[in-house]
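> Provided herewith is a single structure, encoded as structure tokens, for subsequent inquiry.
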Amino acid sequence: MAVNITSIKTASNGIWQHDNPLNFAFPLLIIQTTLILLLSRLLSFVLKPLRQPKVIAEIIGGILLGPSALGRNSSYMSRLFPTWSTPIMETVASVGLLFFLFLVGLELDIRSIRRTGRRAFSIAAAGISLPFAGGVGVAFILRNKVPGADQAGYLPFLVFMGVALSITAFPVLARILAELNLLTTPLGETALSAAAFNDVAAWVLLALAVALSGAGQHTSPLASVWVLLSGLGFIAVQLSAVRPVMTWVARRAEEEGVESEAWICLTLAGVLLSGFATDFIGIHSIFGAFVFGLMVPKEGEFCGRLMERIEDFVSGLLLPLYFASSGLKTNVAAIKGAEAWGLLALVVGTSCVGKIVGTSVVAVACRMPVREAITLGVLMNTKGLVELIVLNIGKERKVLNDEIFAIMVLMALLTTFITTPTVLALYKPARSTNLPNQRKLQRSAASSPSSVADDPKELRILTCVHGPRDVPALINLIETIRCNTPKSRLKLYILHLVELTERSSSLTMARRARRNRLPFRNPLRRDSPRDQVAVAFEAYAQMGRLRVRPMTAVSAMPTMHEDVCAVADEKCVSLLVLPFHKRWLGGEVENLGHAWRAVNQRVLRNAPCSVAVLVDRGLGRAGSAREICVVFLGGPDDREALELAERMAEHPGVGVTAVRFVAEGPNITLRPSAKKCSEETYTFSTAVMDREREKELDEAAVTAFRRRTDGAVKFEERETGAAGVLEAVLGIGRSGRYQVVVVGKGRFPSVMVAELAGRAAEHPELGPVGDALTSSASGVVSSVLVIQQHDVVHSEETPVSMVLNGEAKVIDVVEEVSG
């Protein structure tokens, strides 16, 4: 039944006046938006382990809301998505789409395209030409096989199909590359540049298709020519007049800083006017917004400030409405019979083969390795939002009917879905690995100076930071280690860990903060709010006359540890400092979440050097750590902790107390068990170890420590039973005498540590003693530093059993078996 949209009221009078809010435009739009957001976020959470871009979840969510799934219920459709509400929702969604294409233009840096030169242009040209020709061929088949497909004009139909199969979704591709940590590799840069060429060509072809589809029976045949000429005139005006103006606006906005609201509002008005201009010409309004985004200068802070102001509202709220409106038009049930599904397979196959073969052949001709060339072809086959835009415009212009529209939407979904797993299977870039020298603090007679480190007397430390709140505690910790004497110098690297998100600003930050897949020091943009961490450490460096090198790692959480380990390896650091995922602030515990805990766990497993985990209990408020206590129970990790304590003792303002526990206990042996590994169990190493030799090494380490720190360290030796060791250590932490308690993780356990293996673990990655000191119920007031010594031998985790006095007693512990 036709509805006069002018009779639809905006707001209801309320339920108490017998008005149903779902019969009014604005309340219904609120319900629709809420439903769309909830479903898209739920699907995004479900697909996150598969490392799929958010666009996949939003497309699937739109399809589920439409006639393909929930829309089969007529009551649901008539109440929540009545036909009269469609123009309203599409209008709001179109505003979001307009500004999203402006964001795409902001992301696209023309200068980066120029740097890649002919190589990217050749790859892009081949990646467009072959699938475009394939799309034209498929169009002939669809036109003959699909009922009603021949109702559209011949030429517009061919062009729309060619564009739909040849397009590469630049925004989606950029996010996939960032997720896979390939954004700044040669492969990623080539893919982005080729995709940028592809995008520009696709928009030109789309403008042509729109112009051709607008030339109907009642318009002049020259109308499409005038549309194209007007479009070229629009681009010329943008380049000659708008671009210089936007350069001036950006410069003024940066000069005014936070007072630049007027210039941002002026820019947003320019987006709307550019969209209106291209719509007035006869080309879709999104073309104008995209071109205007290209005109905004990418250097400086103005571009990033624009992204931050609009990206959350546009990408988080308005854009999902566009996917939902596309899903409401997609009826998978329109694909009926084996022949129709065969046509879908034909379209998907043609798209994949055309794009992958066309791209990879030319890439190989440009001297790219075959595996990389094929990977590049797979990446260039990414579809997504841009594909949906093309298809929606084709449906609006009645060039594509319901069945072809559904086939093409499913093709876009499938080709994008397979991109990430295919790239992961095909391409595994190699990292250079330095020699395992100078990778731990403890001195060894076998270690010798090498070119790996610039100076064997120089201690290199990499400190990871989650955010500004970590800075005071880490600075105080570094201050206790710092002692710039001719005998002992410190070089500090700071790695600010930032989670990669779907936001455009996050992507731009990742591109600026990385070079060839690794974080690097970028001295620009220091006054940006993002760089408060770097500013704080550089100020500390100037006051303390210390060499500090700040970097930023913008990575997805599952691959964050790769950045940390790669930087540690490249910089040849001996100690890597990680902040614990929990912070104690004035009696309250701030938990950063399981994702950050998992990052620490992966770093501990894969680090190429010794690792220290700092559990902050107010160290940042202490001014500086004046009193340190190191607990020695025996084993390599404890010897490493003793070495660090010796370094701290060199600082004239730090008092160090070393407490050694000596206890005799039963003969304990760890052996593999059939039990499954659990996150609630400790990890130990059952690599073949000579216990007598370990005792000798412990004695030698203690003797050397006391000799080298004679008079500078207070040394205590306590004899206690194995059962009383834990209470004694907790007593040290509860006493309040020490700002920091330093302990070893105990992966190669002494008798005392091994007996603690059976206790329930809250934070198993810290080892039994570190976990006990960190437990929320421990009553400990000191900050804790847990040390894990680097072991060159690769380890695998497997459950073990503990043999006590010859009798096997199976407990839930985990071993690290040398591989």
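Quick reminder: no glycine exception, Cβ is built from N, Cα and C everywhere.
Annotations for this protein, taken from TrEMBL, read as follows:
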- 36-422: domain 'Cation/H+ exchanger transmembrane' (DOMAIN)
- 488-621: domain 'Cation/H(+) antiporter central' (DOMAIN)
- 628-790: domain 'Cation/H(+) antiporter C-terminal' (DOMAIN)
- 24-43: transmembrane segment (TRANSMEM)
- 91-108: transmembrane segment (TRANSMEM)
- 120-142: transmembrane segment (TRANSMEM)
- 154-178: transmembrane segment (TRANSMEM)
- 190-211: transmembrane segment (TRANSMEM)
- 223-242: transmembrane segment (TRANSMEM)
- 263-292: transmembrane segment (TRANSMEM)
- 340-366: transmembrane segment (TRANSMEM)
- 373-393: transmembrane segment (TRANSMEM)
- 405-427: transmembrane segment (TRANSMEM)
> Averaged over the domain 'Cation/H(+) antiporter central' (488-621), what pLDDT does the prediction give?
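On average, pLDDT over the domain 'Cation/H(+) antiporter central' (488-621) sits at 80.
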> So how many of the residues in the domain 'Cation/H(+) antiporter central' (488-621) end up helix, strand or coil by DSSP?
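Going through the domain 'Cation/H(+) antiporter central' (488-621) residue by residue, I get 56 helix, 47 strand, 31 coil.
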> Test the contact criterion for the transmembrane segment (190-211) and the transmembrane segment (120-142): 3 or more CB pairs under 8 Å, pairs 6 or more apart in sequence, then answer yes or no.
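The transmembrane segment (120-142) and the transmembrane segment (190-211): touching, yes.
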> Six or more residues out from either end of the transmembrane segment (91-108), which same-chain residues have a Cβ under 8 Å from its Cβ atoms?
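Sequence-remote neighbours of the transmembrane segment (91-108) are 29, 170-171, 174, 196, 199, 268, 271-272, 275, 285-287, 289-296, 298, 303, 306-307, 310-311, 314-315, 317-319, 321-322, 324-325, 385, 389, 504, 507-508.
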> I need to check the long-range neighbours of the transmembrane segment (120-142): which residues 6 or more away from its ends have a CB within less than 8 Å of a CB in the stretch?
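Same-chain residues near the transmembrane segment (120-142) but 6 or more away: 113, 149, 157-158, 161-166, 168, 190, 193-198, 201-202, 205, 343, 346-347, 350-351, 353-355, 357-359, 361-363, 365-366, 376-377, 380, 404, 407.
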